[in-house]
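Colleague: Pasting in a structure now, in structure tokens, and then I'll have a few things to ask.
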Amino acid sequence: MMSAAGSPAASPSIQICRIMGPDDANIVGNVHGGTILKMIEDAGCIIGTRHCNTQTGDRCVAALARVERTDFLYPMFIGEVAHVSAEITYTSKHSVEVQVNVLSENILTGAKKVTNKATLWYVPLSLRNVDKIIEVPPIEYTSTESEELGKKRYEAQKLERMETKERNGEVITPVSFPERHTKEPYTVGFSQSSLIHLIGPSDCTLHGFVHGGVTMKLMDEVAGIVAARHCKTNIVTASVDAINFHRKIKKGCVITISGRMTFTSNKSMEIEVFVDADSLLETDKGKYRAVTAFFTYISLDKENKPLPVPPLKLEGEEEQKRFEEGKARYLQNKAKRLADKELKQ
């Protein structure tokens, strides 16, 4: 079900609702983080596309460029209803910022709670020419301050996207997958995992390029396998650091989603996930890095209470370097959470 409100000039908003079924959850009934990420992206794509087509000229589709850090505040379970609400909060000449809130509803008791908050960035691509970016109709802001804050967010994400792209470059860093039985438990090599998927029509937008939500769901699946292999317990997504979509993935491409453990704290683990694409038809273009992200997972007992995470055993300087970088991200995010908590008090 979807409801719409507002007008193109007055911060458009929509809401999508869906009951969570067994196909949406893991073996203990927790809804997959990837399922929620896909619903978030569906809402963002709808509102972004709708807004960008309120003007005359080329018809277009809003393509996902980036997802900011997303925290999973509470787990969602089979039988609960997910309410996904999305609102456009900033527009630049060629991009749209969409803020999304997710609530879970227990339909037996009526109890509701916020499970997720996310910020997504889209660019509108012409249906006639996928390489042509359409200008975005401006929205009306509630105040000059809200517009200035939006501009700051836009500049910050733009800079970070460029830095991330530079770090990845165009070179594919191979993630080796040795025979698992030869590796010691709790090492990077023991838990690292990959998934290969052929992009078909059902995965794609009107352009014939993969939906961002489909990619995020597959990334979460791989990250979840890595986390489960490391802990051997029930695991759930706790947060996702910024997901950057560097290049489009076309129908007919074979994508390889690779995940490896980079850092563990006492109660959380960080998994780095890459998506590499390889066209079956355009072999001259070669393989390329399409998407990158860091997922954070926690381990839970049978009562859904956090369990200690086994420490990661490091082998070599590269793993030590990635661990220290993950630790820095962990401490930075922890400090930010504490600062946000103090502001609310």
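Placed from the backbone N, Cα and C atoms, the Cβ positions cover glycine too.
So TrEMBL says this about it:
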- N26: active site (ACT_SITE)
- D220: active site (ACT_SITE)
- 10-128: domain 'HotDog ACOT-type' (DOMAIN)
- 189-303: domain 'HotDog ACOT-type' (DOMAIN)
Colleague: To the nearest whole angstrom, state the Cα distance for the pair D220 (active site) and N26 (active site).
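Modeller: With distance taken Cα to Cα, N26 (active site) is 12 Å from D220 (active site).
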Colleague: By DSSP, how many residues in the domain 'HotDog ACOT-type' (189-303) are helix, how many strand, and how many coil?
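Modeller: Reading the DSSP string over the domain 'HotDog ACOT-type' (189-303) gives 29 helix, 56 strand, 30 coil.
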Colleague: On the 0 to 100 scale, where does the mean pLDDT of the domain 'HotDog ACOT-type' (10-128) fall?
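Modeller: Mean per-residue confidence for the domain 'HotDog ACOT-type' (10-128): 93 out of 100.
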Colleague: Taking the Cβ of N26 (active site) as the reference point, list residues of the same chain whose Cβ is under 8 angstroms away and which are at least six residues distant in sequence.
Modeller: H32, G224, N234, V236
Colleague: Let's check the environment of D220 (active site): how many other CB atoms sit within 10 Å of its CB?
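Modeller: There are 26 of them.
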Colleague: Give me the DSSP three-state residue breakdown of the domain 'HotDog ACOT-type' (10-128), ordered helix, strand, coil.
Modeller: 23 helix, 58 strand, 38 coil
